[in-house]
Amino acid sequence: MLKKSLLGKDYNNELNLDNGSKSPSKSSSSNSSSSLTPENAPPAEEDNALSLLQTLVHLLKCNVGTGLLGLPLAIKNAGLLVGPISLLAIGILTVHCMVILLNCAHHLSQRLQTTFVNYGEATMYSLETCPSPWLRSHSVWGRYTVSFLVIITQLGFCSVYFMFMADNLQQIVEEVHVTSNTCQPRKFLVLTPILDIRIYMLTILPFLIMLVFIRNLKVLSVFSTMANITTLGSMILIFEYIIQIPDPSNLPLMANWKTFLPFFGTAIFTFEGVGMVLPLKNQMKNPQHFPLVLYVGMSLVIFLYSCLGILGYMKFGSDTQASITLNLPTCWLYQSVKLMYSVGIFFTYALQFHVPAEIIIPFAVSQVPENWALFVDLSVRTALVCLTCVSAILIPHLDLVISLVGSVCSSALALIIPPLLEIITFYSEDISCATIAKDIMISILGFLGCIFGTYQAFYELTQPINHSMANSTGVYIS
């Protein structure tokens, strides 16, 4: 049985979901035991521990998803000068907040004399020592809030991935009769649907269910490597096309402030790896080297984001679509970009899914006898995959709904909570006024971005949208 469920119940042992065996776990106090989630999973055994390269591979794949393809439009919404500068600033702030989270978790683990402290626990333990009596008495809700935000955010990403894969598969099939060997700029194109998009989703569903049955992060690193290879191949083809840019002198350096509103939501959605920072560190063979992996990996990610966003906007200008794949020529070479990127997203699905699954599954398993543990584990995984599929089918304009979730949850997890967590954690240890001011400014910026992104998402949801353009990978109609 589990040592502690998501709701905080104590048990005798902890089920090691990463290697399928049971391992004893210690608690520093009556309040410090926690569910086995990716954030606080015990250190992997030597055979299952991640190397530096494997950790880097995971980190790259967690941050290179569907949001990357929407960056040219994000730059268009902000302007050729303001867009890249803002994207770089958000990237730097996001990485800084990841480092803050790592430092707080490390500091609290030392204070509590325990091996690991996850995101939710760090929030809870920090609140237990804050000056406010009310916050101290309700500190456990800090943990519940973080867990809820992580679950909603990661399942939201998975729903976007579902729609992305199904949409691209539909486009490849339905553009077969107009696809040629000659790559010419995409022009007027109206496709008659052959199969409903839901059929494509249901086709993908069983394969994703089988994929998420893999629970070991080291095994997933093999698929993550495959995803990196396919994503790299598609990125090379995209860059090969957009590198030939026309004269960009007529493009605005700064866009209208109203069109800048969607920029923040897209940018923060793109940096989608915050939920995997602590899990990856906890699974490393040498966790002390994780900051190096983080800086190297995120530097590569920010460089890739900036290049694709700038070159994509300079290439297509005012015709830039919600996904850069919509601007690519209708030929077999660039149709392969959709296929390769979809394969990469397929494998990335398992990594993003790993986070909410390992928060929810321990609680579910703790409610049944030990001999039912594996059955319940696999059943919950299947149900969660089906939930993301149903969400993609039922929710109209999925990209806007997930943008809303990203603006609220991702902003809170990536920019709002970590700075406040640093203030609370180190408040009693003579934290400098400059650090407090810096953290407050970052949190305010994240809050404003959350408000603006939420407003824009709600506004767009109320507007009539052509069905063919409702999703970021919908058919391009010029």
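Note that the numbers count up from 1, one per residue, in the order the chain is shown.
Any Cβ shown, glycine's included, is placed from N, Cα and C.
TrEMBL entries are annotated by machine, without manual review.
Of the listed segments 263-280, 335-352, TrEMBL assigns transmembrane segment to 263-280. The stretch with the most CB contacts under 8 Å to the transmembrane segment (263-280), chosen from 197-214, 226-243, 440-459, is 440-459. Cβ atoms under 8 Å from those of the transmembrane segment (226-243) belong to residues 57, 60-61, 64, 183, 304, 307-308, 311-312, 314-316, 324, 328-329, 333-334, 336-338, 340-341, 343-348 of the same chain, restricted to positions at least 6 beyond its ends.
Within the chain carrying the transmembrane segment (197-214), a Cβ under 8 angstroms from the stretch's Cβ atoms is held by residues 162-163, 165-167, 169-170, 220, 223, 346-347, 349-350, 353, 357, 378, 381-382, 384-386, 389, 392-393, all 6 or more beyond its ends.
If you look at the transmembrane segment (401-428) against the transmembrane segment (292-312), you find fewer than three C-beta pairs under 8 angstroms, all six or more positions apart, and that falls short of contact. Relative to the transmembrane segment (440-459), the listed stretch 78-102 leads the set 78-102, 292-312, 372-395 in CB pairs under 8 A.
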